[in-house]
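First comes the structure, then the notes that go with it.
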Amino acid sequence: MLNIAFIAHDRKKSEIVNFVIAYEKVFEGHQLFSTGTTGTRIMEQTDLTIHRFESGPLGGDQQIGALVARNEMDLIIFLRDPLMAQPHEPDIIALLRLCDVQGIPVATNIATAEILVKALERGEFAWRELPNKYKPGVDEA
Ligand SMILES: O=C(CO)COP(=O)(O)O
């Protein structure tokens, strides 16, 4: 069982709801998390149970980031709105940065989300369940 998070900005909410409906069977065996409003919207339209954190602007991205920092989040679908400024932009950047620090698969658009969910469906996330997972590292300059 993997930990999966859903996050979508307001003009991407319908897109993420439709995406999760389409792959509900794939997601139902996993532990699901979301920011506040995204989770409410998904639960209204599916039978999934999602642990909802605060709304994004109130700290929800950071709460998900805390799990990422501990390498406890396995996959994030984060449909960002690239055409609208967000008041909590620093939180969004921080979350994506932590995903890169830990090597967490994160989709920020629907095309990547499709590819990752198909990989999930095929069982290609088994490496996330290994005890040591991915060990982040950097090359010295
Ligand atoms: O703003 C968000 C992510 O940055 C999403 O928050 P909500 O799901 O509460 O709308």
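Positions of Cβ are set from backbone N, Cα and C atoms, glycine also.
TrEMBL: automatically predicted annotations, no manual curation.
These features come from TrEMBL:
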| type | residues | note |
| --- | --- | --- |
| BINDING | His9, Lys13, Thr35, Gly36, Thr37, Thr38, Ser55, Gly56, His88 | substrate binding site |
| ACT_SITE | Asp61 | active site, proton donor/acceptor |
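Location within the structure of each feature annotated in TrEMBL.
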{"residue": "His9", "record": "substrate binding site", "Cβ neighbours (10 Å)": "21"}
{"residue": "Thr35", "record": "substrate binding site", "Cβ neighbours (10 Å)": "25"}
{"residue": "Thr37", "record": "substrate binding site", "Cβ neighbours (10 Å)": "19"}
{"residue": "Ser55", "record": "substrate binding site", "Cβ neighbours (10 Å)": "16"}
{"residue": "Asp61", "record": "active site, proton donor/acceptor", "Cβ neighbours (10 Å)": "27"}
{"residue": "His88", "record": "substrate binding site", "Cβ neighbours (10 Å)": "17"}
Exercise for review: Round to the nearest Å and give the CA-to-CA distance linking His88 (substrate binding site) with Asp61 (active site, proton donor/acceptor).
Suggested key: 9
Review point. Cα-Cα separation of Ser55 (substrate binding site) and the residue listed as 'active site, proton donor/acceptor', in Å?
Key: 8
Check your understanding: From the Cα of Asp61 (active site, proton donor/acceptor) across to the Cα of Thr37 (substrate binding site), what is the distance in angstrom?
Key -> 12
